[in-house]
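Copied from TrEMBL, the annotated features are:
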type     : residues  : note
ACT_SITE : B:SER38   : active site
ACT_SITE : B:LYS94   : active site
DOMAIN   : B:9-107   : domain 'Peptidase S26'
DOMAIN   : B:114-153 : domain 'Peptidase S26'
Amino acid sequence: MSLITARWMSIAKEAVDRAAIVARFLCLLHVADTYLCSPTLVYGPSMFPTINITGDILIAERVSHRLGKVGPGDVVLVKSPVNPRKTLTKRIIGVEGDRIIFQVDPVNSDRCQRVVVPKGHVWIQGDNTYASNDSRHFGPIPRGLIQGKVLCRVWPPEGFGSLSH
Amino acid sequence: MSARNLLWDAAKKCFAIGLIGITVRDRYVSIAAVRGASMSPSLNPLVDEASSSRRPISDDYVFVEKFCLEKYGFSHGDVVIFTSPTDHKERHIKRIIGLPGDWVGISHIDDVIRVPEGHCWVEGDNLASSFDSRSLGPIPLGLVRGRVTHVVWPPSRIGRVERKIGHQSVHSY
């Protein structure tokens, strides 16, 4: 009888050990993903021609937006202010205090509008002015919505490299 | 076992505990301190409204749950913690008054505003000393970091944070 109990005990102990290893691994993954960098699949026409319509895999780093070190020209991942479950990829055009002049409707008219970006906000726009839903529609967005800065493209392999202009 | 091995083991344990701690704090639950009297009397109650010192006696510590962030399913009256839209390093705790599609009345200028899609309207319980949507405008839901459910410290104040439906009328559209 005691032999059987001992065997069960050892099996249970091993199961707990394995579970702990898996849990630690998942936690490490989460921490690396939120605080260091992570791969992201990006698709859609709004950043064409910088990012292909069919989908690219980018590496995004998660450090500089915490330190406030993102500036004009950086491509960033942003939580959509319209739907918090969606993430957008756009380029920062202006930071707080900048004067922005933009075309309200580039397809049909030349009408321009000017705004000043308020404190703690950034102005984001897609590279494809004609098919992008960005700050021209929902206004400047708070820095707190920025999720990361895109470092480089890793897929497709021929497009490997940084995304700067 | 040598001293070096012992040290190595201890370091590995600390590392694992740190990893698990950070993950739990980011994804599931955390504790936050409440500063200022903007949520009095629900949090940091003022002893005497008329007294000369308008500071609460001690800071409350609250329990924040983050399961609500998966679906962004908030209801009217929830107390939430969110990143300030003007400074991404600051956090504020306020009560949700209006959700997307609601019409919210602003008492001091007698106006009605429609809360846009993906935003919410937050106000402090202590309207006299609260910096909230009345000056900031609607807050994007993406800035919300969790829902405040309980006060956990000091011991005399342990208890649930009640969900209160606001003092002003809110009309769902």
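Note that Cβ sites are derived from N, Cα and C of the backbone, with glycine treated the same way.
Taken residue by residue, the domain 'Peptidase S26' (B:9-107) breaks down under DSSP into 22 helix, 27 strand, 50 coil. Tertiary proximity for the domain 'Peptidase S26' (B:114-153) is limited to same-chain residues at least six positions away from its ends with a CB under 8 Å from its CB atoms, namely 30-32, 36-43, 46, 54, 60-66, 68-69, 72, 74, 78-86, 91-104, 106-108, 159-161, 164, 166, 173. Residue density at B:LYS94 (active site): 25 other Cβ atoms are found within 10 A of its Cβ, drawing on all protein chains shown. Look at the domain 'Peptidase S26' (B:114-153): DSSP puts its residues at 10 helix, 18 strand, 12 coil.
Across the domain 'Peptidase S26' (B:114-153), the model assigns an average pLDDT of 90. In this structure, the C-alpha atom of B:SER38 (active site) lies 8 angstrom from that of B:LYS94 (active site).
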